[in-house]
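**Q** Would you mind keeping the following structure in view while I ask a few things?
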Amino acid sequence: DKAPLSKSLLIVPSAISILLTLLFQHYQKFFAYNLQAIREEFQIWRLVCGRTVCLDLKDTFCSSLLIYNFRIFERRYGSRKFSSFLLGVWMLSALFDLLLVEITQYIFGITIKSLPSGFLGPVFALFVPFYSSIPRVQVTQVLGHFSITNKTLVYILGLQLLASGSYIWILALSGLVSGICYNSSILKVHRIICVPNWVAKIFSWTLEPIFSSAEPTNEVRVGMGATVDIQRQQRMELLDRQIMMSQVAQMRRQRQQQGGMINWNRLFPPLRHRHNANYQDRRPSEQDTPPPSEVSEEQVARLMEMGFSRGDALEALRASNNDLNVATNFLLQH
């Protein structure tokens, strides 16, 4: 839902890859990322075919799962901005591929004639905004030392894709560098390489109705999580959150009647121990209750992007003293 470009990137290249592997193997040569043919025979069309469809089903599977996880960026930025990012890093990574191959040959004397084919450069480039803009939420710990977060599975998929070929590290490095360059505010690449508005309108009129999906009606709406793990947790903890909100509504009514403030230390035990370790020794009075801190609108917006309402985000940020990670953990656990 709300990610037609991600859906098309999942369906079309995966279907072509499966057909080439199972039925039309004699056509695989046209989709090989042959650098020697590009440099010596000037077959520039191989840059398009060889960098779009995977010829290895393992790469197809891993890249499809990553695109599915990264669909949050299309929902967050919009299809036009997301397609501009993919187009920009696709073009930059093609340049960096050739440059890294030349550097490898010059330094190590290794001649690389071909690279793994597929839409791999932009997939690795999406790890840059994923690392910088998706909040890290701890899910559990292994052996008491190793943290498992909502982003761990995505990084494991990236490592699996990285280990699937001998020269795929070149594609990974060029993709990461392309993602950094495109997101850089200094280089201003996003202003130079972008999808024109008229092109975006043409595709929205022609292809978007084909790949768009209706909003699911057989599930209870609980918001849109930033990752698959968060979405799953939101559904599992829907009842618990409803109980919490009923408690919040009750405390609000008491505050309106008494003219006081919500005692968050009493309502939320985890935050009680964080902010007031001596609560068990003495009960705070209204005069000891600190005034509410100012809430950052940017942090409120980030919580709303994860599917929480503005009221929930404001209350959680105030209760956690403007700590985004604590507020996110609290909203997911309650």
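The backbone N, Cα and C atoms fix where each Cβ goes, glycine too.
Grabbed the feature section from TrEMBL, which reads as follows:
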type	residues	note
DOMAIN	294-334	domain 'UBA'
TRANSMEM	6-24	transmembrane segment
TRANSMEM	85-108	transmembrane segment
TRANSMEM	114-132	transmembrane segment
TRANSMEM	153-177	transmembrane segment
**Q** Examine the transmembrane segment (153-177) against the transmembrane segment (6-24) and state whether at least 3 Cβ pairs sit under 8 A, considering only residue pairs 6 or more apart.
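**A** The answer is no, given that the two segments have fewer than 3 Cβ pairs within the 8 Å cut-off.
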**Q** By a Cβ-Cβ criterion of under 8 Å, what residues six or more beyond either terminus of the transmembrane segment (114-132) are in contact with it?
**A** 9, 13, 17, 31-36, 49-56, 59-60, 63, 66-67, 70, 73, 85-86, 89-90, 93-94, 97, 101, 151, 154, 158, 161, 164-165, 167-168, 170-172, 174-176, 178-180, 182-183
